[in-house]
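Here's the structure, in structure tokens; my notes come after.
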Amino acid sequence: MVMQFLASFMLGGMNRILAGFGSTAIAAAGIYFRLQSFVFMPVFGLNQGYMPIMGYNYGHNNPERMKRTFKSTLLVAVAFTTTGFIIFQTVPELLIKMFNSDPQLLQIGTNALKKISIAFPVIGPAIIISTTFQALGNGFPSLVFSFLRQIIVLLPVMYLLGEFFGLEYLWFAFPISEAASILPASIWLRLKFKRIFKKMEETEELIG
């Protein structure tokens with residue numbers, strides 16, 4: 001429910017900012033969100049299998065399997081999103097033409113897809129990190145980083161880039177917000193893993 005509210009708030013704020021550049025900019029963003037769902041759909045499907053496996057190994061004090069599961073899932077997620085990045089960078093006009101071939105929309109949409117998709121290789125790990133917190137029984141960090149990414153960083157940066165540099169550079173707000181959120185998220189998860197694995201080792205020593 002909270003995640004849906006954040007997404008709705010973000011979309012509303014983004015559309016208000018883009019409205020200053022005309023309806024074509026809003027249309028370009030709409031096309032992007034339709035296309036990006038095809039890139040991230042496999043990652044969300046991967047999540048459905050990853051979360052219970054990670055949670056099971058956490059509950060059974062199996063740090064080695066937790067590490068292997070996390071690393072392998074991370075690599076697969078990066079592979080999916082990097083493939084999406086390559087497609088968006090190489091054939092953006094073809095993707096836009098699937099919806100509309102208006103020259104202005106092609107120009108704005110192509111620029112948007114190229115700029116926004118720079119974030120794709122980072123979004124894969126971000127999704128897995130968020131899911132990992134939930135699998136470990138701690139969903140609060142996921143909420144914090146979603147709020148940071150979608151509201152605290154994205155909207156202000158989008159507004160400032162649009163205000164000072166124009167629509168062409170406004171789309172850089174997406175990779176900037178992803179980079180700004182994945183760094184603290186990675187550090188937080190690393191520290192959490194360290195505490196969990198240390199506790200598991202101590203438990204193993206007591207049992208042994």
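Here the Cβ of each residue, glycine as well, is placed from N, Cα and C on the backbone.
What TrEMBL says about a protein is an automatic prediction, not a curated fact.
These features come from TrEMBL:
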TRANSMEM  39-58  transmembrane segment
TRANSMEM  70-96  transmembrane segment
TRANSMEM  116-136  transmembrane segment
TRANSMEM  143-162  transmembrane segment
TRANSMEM  168-191  transmembrane segment
Of the listed stretches 70-96, 116-136, 143-162, 168-191, the one with the highest count of C-beta pairs below 8 angstroms to the transmembrane segment (39-58) is 116-136
Residues sitting near the transmembrane segment (116-136): Cβ under 8 Å, six or more positions beyond its termini, same chain?
32, 36, 39-40, 43-44, 47, 50-52, 54-55, 58, 70, 73-74, 77-82, 84-85, 88-89, 142, 145-146, 149, 171-172, 174-175, 177-179, 181-182, 185-186, 189, 192, 196
